[in-house]
Each structure stands twice: as structure tokens, then as C-alpha cells.
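Have a look at the structure below, then the notes.
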């Protein structure tokens, strides 16, 4: 299908998704700005450091189920066709089991203050996993209007208590996590459903976990190379204000990149529906990647000029120096990050998650090595360049392992 026909076909769905994404991005950025202003660079750097550590645990809490749900509920892989109807129940059971076990372990094994922070973070990220599962199920059925409504509903009910905590006190990371997770759970319970609410299933299905293993590795490796920079900045520089400056710049970059998510989600469904039609898949993947490369280059150029101004306006004068400069460098990463978003969707849609996992693991190692070399020499600018080079490396490995194979051998079985 030509790109113009594809655009007209999903324009209404895309408008709903973009509306929701713009709302979520604006609210999320507003909450981050509020926390950054209330905490100051040092406190915000400490919060973002803890958030980065917690992000490394969420792959084990959701076990790749959101990605598996979105793929298998769109078009089932033959090996999982029998279990497809109960995948939501299995996913829910996994989140409850693993999150409860990790929280109990934290409370029993750690000192009081560390246990409170870690357990509240685990509670919050468990609620996020439930939110991701809900989104995946709605997207897999092509119900992008309801999924957009879910995004707005969940973000609203999770932002209100976080904003209240920030305004009423000097917020601690634990208080933010509890407010955030509590709001998500309320949203998950209250959101109206077209079908019966799934009940958790605690049955162990080896075939399901074999299928999710690649997604777990992908999420873990991706979390490492997206968050390890914060952790390494904290330990190498030992300077929380510097971490806060980088966190503010990265939060702006992340917020803009979030706007690409609706395109990626809709393209994923179209790619998955064509994954066994080699000719149609080649045409669509080529058109999507060409368009995404153009968007990425445009965002990189505009972001380099505009990002420093945006940082000063949003985060205030305490962030005007180092954060503004770092935001300009980070913006160059859009040239690689936007096409990579489409390449990753293509890899999952064509059952090439093992190559994606391999690529992500290689790039996680590359990112650690780059940060180890560049942060001592260049500070937070070095972390920004490590991120850009890592995105370039991911794009190269995905191109070699996904696009070339589709062109010469057709879709994976």
C-alpha cells in the first residue's frame, strides 16, 4: 500500500493518538518541571538517579508481556495461538507475583529508609506495568481512540497526586512514587471496559516465557543504555547538581521523542498485518523508514536551535547554563532515534526480536564503554555524545539484521 494511502487510512486513529500523546507529554513535562523547581538541581538529580535505578527493574516486573500482548493479539504466532486468549490474565498474574516478591524482599533485607524508597518504586513501576498492558491490549485491536482515552485518564489520575505532594511538601522520591503508583492503580480500576476485567492467572506457561525472554532482554538492555548515563554521572562526577542539569535536558529530549510513539504504534500494527506478505512488507517498511529518517533529521536541526531556549523557559535560570547546552547536543540524537523507533517496531512485527535483543545488548555495552570514556573527559556533554553514538550503533545493527534480511529473504517464520 502506498504511503499516502496508508496515511489517509489511519489519519483518524493517528489524530486520537497524537492528541493523547501531546496531553501526556505536556502533563509529564509539567510534573517534571514542578519537581525540578521544588527540589532544585541537587534534589532533582537525586530523584532522577533513583528513577534510573528503578527503571532497570521494570523489565523483570512486566517480563515483556506488553510487547507480546500487542503482537499476539494483533496476529497470533502459530506456537502461541492456543494461549492467546489468556495472555492478559497471565500477564496480570506475573506482575502481581513478581512485584509482591520484590517488595517483600526489599522490606526484609534493606535498612528502613532504603527499603521505603525501593519498595515504593517497585509499587509504582508495577502499576506502570499494568498501565502498559492495558495500552497494549487496546492497540492490538486497533482501538486507538479508547487507547488514547486510557492514556489521558491514567496520566491525569497519576499526575494530580504527584503535583499535590510536590506543592504541599518538599517531596521525597518515595512520596512521589507512592502518589504516582496510587494514581495509576485507581485509573486501572476505574477505567470503563468493553469486556470483563481480566483476573490474574498464576499458571506457569514455559512457551509464553520462552517468547517473552527476547523482550525482557530488549527492555533490560534498552533501560541500561537509556538510564545508565544518569547512574554513571552520579558515581563518576559525584555531583548531584550536574546530574540534575543532565536530567532536565534529557527529560526535554524524552518528551519530544514521546511524540513519535503514536506513529510507531500505528505503523507496528500495519507492519504486523503484512508480516507474511514479503512484497507488501518491503514496500511499506521502505516508505516508513524513509519518512522517519526525514522527520528525525528535521527534529535534530530544529531541536539544536530551540532546545536551549526551551530549557531556560521551562526549568528556570538554575538550569540555564549546563542544561541548555546539553539539551542542544541531545537534540542531535533525533536523527537516529526516530528511525530507530520504526526499526524496532519492524523487528518485533516480523518476529526478529532475538536480533533486536542482540543489538540492544551490544549497544548497552557500547553505551557503558562510551560513558566510561567520555564522562570523565567531558562531563554531562560526554554523556550526551555517548547517547547519540549509541543510537547510531543501534540503527546500524538493526538495519543489517532486519532490513537487509527482509529485502533478501522475506519475513521470518
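The backbone N, Cα and C atoms fix where each Cβ goes, and this holds for glycine too.
Features as listed in TrEMBL:
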TRANSMEM  47-69  transmembrane segment
TRANSMEM  90-109  transmembrane segment
TRANSMEM  115-131  transmembrane segment
TRANSMEM  174-191  transmembrane segment
TRANSMEM  212-236  transmembrane segment
TRANSMEM  248-268  transmembrane segment
TRANSMEM  288-315  transmembrane segment
TRANSMEM  327-348  transmembrane segment
TRANSMEM  355-377  transmembrane segment
TRANSMEM  383-402  transmembrane segment
CB contact flag for the transmembrane segment (115-131) and the transmembrane segment (47-69), at least three pairs under 8 A: yes
The transmembrane segment (327-348) versus listed stretches 47-69, 90-109, 248-268, 355-377: most Cβ pairs under 8 Å: 248-268
Closest-packing stretch to the transmembrane segment (90-109), where packing means Cβ pairs under 8 Å, from 47-69, 212-236, 355-377, 383-402: 47-69
